[in-house]
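Read through the structure below, which is laid out as structure tokens, and then see the notes.
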Amino acid sequence: KETEEVFKVKKSSYSKKIVKQLKKEYKEDLEKSKVRTEVNSPTDVDPPLEKTGQIKDIGQEDGTANSEHGEEEMEVESEKEEEKPKAGGAFSSALSSLNVLRPGEIPDAAFIHAARKKRQMARELGDFTPVDSEPGKGRLVREDENDASDDEDDDEKRRIVFAVKEKSQRQKIAEEIGIEGSDDEALVAGEQDEELSRWEQEQIRKGINIPQACIFQPAEVNNLYYQNTYQTLSYGSSYGIPYTYAAYGSSETKSQKTDNTVPFKTPSNEMTPVTIDLVKKQLKDRLDSMKELHKANRQQYEKHQQSREDSTKAIERLEGSSGGIGEQYKFLQEMRGYVQDLLECFSEKVPLINELESAMHQLYKQRASRLVQRRQDDIKDESSEFSSHSNKALMAPNLESFGRDRVIYQEQVKRRTAEREARRARRRQAREQTGKMADHLEGLSSDDEETSTDITNFNMERDRILKESSKVFEDVLESFYSIDCIKSQFEAWRSKYFASYKDAYIGLCLPKLFNPLIRLQLLIWTPLEGKCRDFETMLWFESLLFYGCEEQEQVKDDADISLLPTIVERVVLPKLTVISENIWDPFSTTQTSRMVAIVQKLVDGYPSVVNAENKNTQMLLKALLLRMRRTLDDDVFMPLYPKNILENKNSGPYLFFQRQFWSSVKLLGNFLQWYGILSNKTLQELSIDGLLNRYILMAFQNSEYGEDSIKKAQSVIACFPKQWFTNLKGDKTISQLENFCRYLVHLADTIYRNSIGCSDVEKRNAREHIKQIIKLLASIRALDHAVTVANDHNVKELKILIEGK
């Protein structure tokens, strides 16, 4: 019945299993307490210690239950034996069971209450003797120390009875688990159990949390709670100290000061005692370590100071140089914008310049073509007029390709003939005024006279083109079309920042950049005209002449040094190519001489022009050869007349024949002016094979054998370059002149045969003519033919003639 009254537990707080276990243990304790007969047994153990061990065991056995029900189960285990004590039976039975409690068993609330009363009675009788393992080492401070007198008991009772005191934690837990009873004795027991509850909770916390080890200092103050002393113990020492409580009725008594203390042994893991030498050693070691640390810090400080100084110098240096870099960046950005604007301007203006240049070339080409076509028409008209055929109607078709009849064609021929004769008369009159009439031969002059109408139309068209060219850059600032302004921009770049100037390959870009501006200035430049300026005296040439030639040291492989040669190569040579192909007339000695002079100047003064890999030079030479071959095929005509017609030196056929012969000789001389520019093989092919052997020798064979033929032969040989014969070895001349040499040998024989039977004067003249022929053969290094002629005609002055060439 008492068991049921003690364990009236709220079912909502604890599980039935724990309640049953507690009831069972409580019954076993009661039975054991009845068996025990002696209260003051030596096996009595201090209830708080056993209680602590029992709580520890319960915590281990019911670990699973604790994890399921949380903190409520822990509180129930620590307070599960508490009961409401009753007046008499419960306390007497618990008191009789003090000597039968075995180590490890869980005491109940009545057992604990009986143990407290037993100790209280021992204090009152003066028989309480605490068990000290080592006296004086330490003690537990109790909350109720020096409380052995009856007065203090009475005071405590008075406080319990009359004072309004807050319920203890154990009382609250007892109410929660349903323990009945609220009499004064239970209240006093609850008040006394509060101390035990604190001690139990402290031991539980020590089991859960492991505090840091520290040196235990025994408490000497009696008014402190004993839990404060235990908080300074290490985890290992808190469970290694054997605690014992004195049994009731002990014979030994202690002073009142030690009645409420719990002595314990010194922990076995106590640290080495501190001595002065140990402190000195530790301080010295610490000083040495601090010195080492200070030394390392000093080195690090010095390193940081040096790094700071270096950084400061670098900052100053960079700040000093950053101004130049900023200026360079600004300048390059300005140049970039300027070049972009310049290229955009040229992209719009270059097509206009190309159109104007093409129009000017077309204008000159039309005039040259008109003159060539007129010469060809004149040759056709004279050839038709002096033809050996008597029926001239055969030479003039009845209908032309445009449906015009023969009458209209004859009227055109008469008009051309009248114009031709008028031009010849004006040239003859001009020669008479200059005194050159005696030395002139018909056919050596170039018929390039134009009518006033053609001249007017030509000048008007040229003026129009020039006017259009002046308007090309009228809407553009001077800095974008003036060569001086553009040059100054790049000169500033070169002088200030040559490295970036070179990296941008400006030296290679400048010729292409100046190309359209120079072509615009060379728009009317034609070296075939007498009034044409030399391109080296033009403004663009003088402006760019000293570009890149500063006083500073010249850099190796500087592209600016070859600026002008590159411009000449890319601008002047293409223009000369167009002129030689469309405007130059090889029959004109004046034009040929000027053309040869300008090309020879480029070859001598500009090494890049002579370079065999130069495409512009190759194109120019090809254009020259094509123009000479076209002239040789289209413009050369040698009429063939019977000798009886040529005997009349005032007749039209004779004059036409002589004119065509001398025009061919003039063309031969014009071809051979290109010696030193064109290869010898090419010139020999054009002049000797194409012109001399094909046309001129034919005229020699139809000419009168005499002084006139010798004069013509001298004129032909005078056209040959002397360098052809200076390096010849042996007695033979070049192979292409063999036919001409055989003609001279035949001429000498003919003159000798014609002198037979004549007067001495005629024989003497014939002999002089033969000597002249020997000289001519020796001049072209045809020594074998000269010796043959001298031996055949008994000429003894051969050596003198050969050396006197």
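Every residue gets a Cβ built from N, Cα and C, even glycine.
Non-local neighbours of the coiled coil (280-321) in the same chain are absent; no residue 6+ outside the stretch has a CB under 8 Å from one of its CB atoms. Annotation source TrEMBL lists coiled coil at 280-321.
Feature annotation from TrEMBL assigns compositional bias 'Acidic residues' to 70-80 (among others).
Annotation comment: TrEMBL describes 134-143 (among others) as compositional bias 'Basic and acidic residues'.
Here TrEMBL flags 144-155 (among others) as compositional bias 'Acidic residues'.
Taken from TrEMBL, the feature compositional bias 'Basic and acidic residues' applies to 430-442 (among others).
What TrEMBL lists as domain 'GCF C-terminal' is 484-695. A mean pLDDT of 89 is what the model gives for the domain 'GCF C-terminal' (484-695).
Residues or ranges marked as region 'Disordered' in TrEMBL: 29-91 (among others).
Taken from TrEMBL, the feature region 'Disordered' covers 115-158 (among others).
Tertiary proximity for the region 'Disordered' (418-452) is limited to same-chain residues at least six positions away from its ends with a CB under 8 Å from its CB atoms, namely 367, 371, 374-375, 378, 381, 458, 585, 587-591, 655, 658-663, 665-666. As annotated by TrEMBL, region 'Disordered' applies to 418-452 (among others).
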Summarise the region 'Disordered' (418-452) by DSSP state, stating how many residues are helix, strand and coil. 18 helix, 0 strand, 17 coil
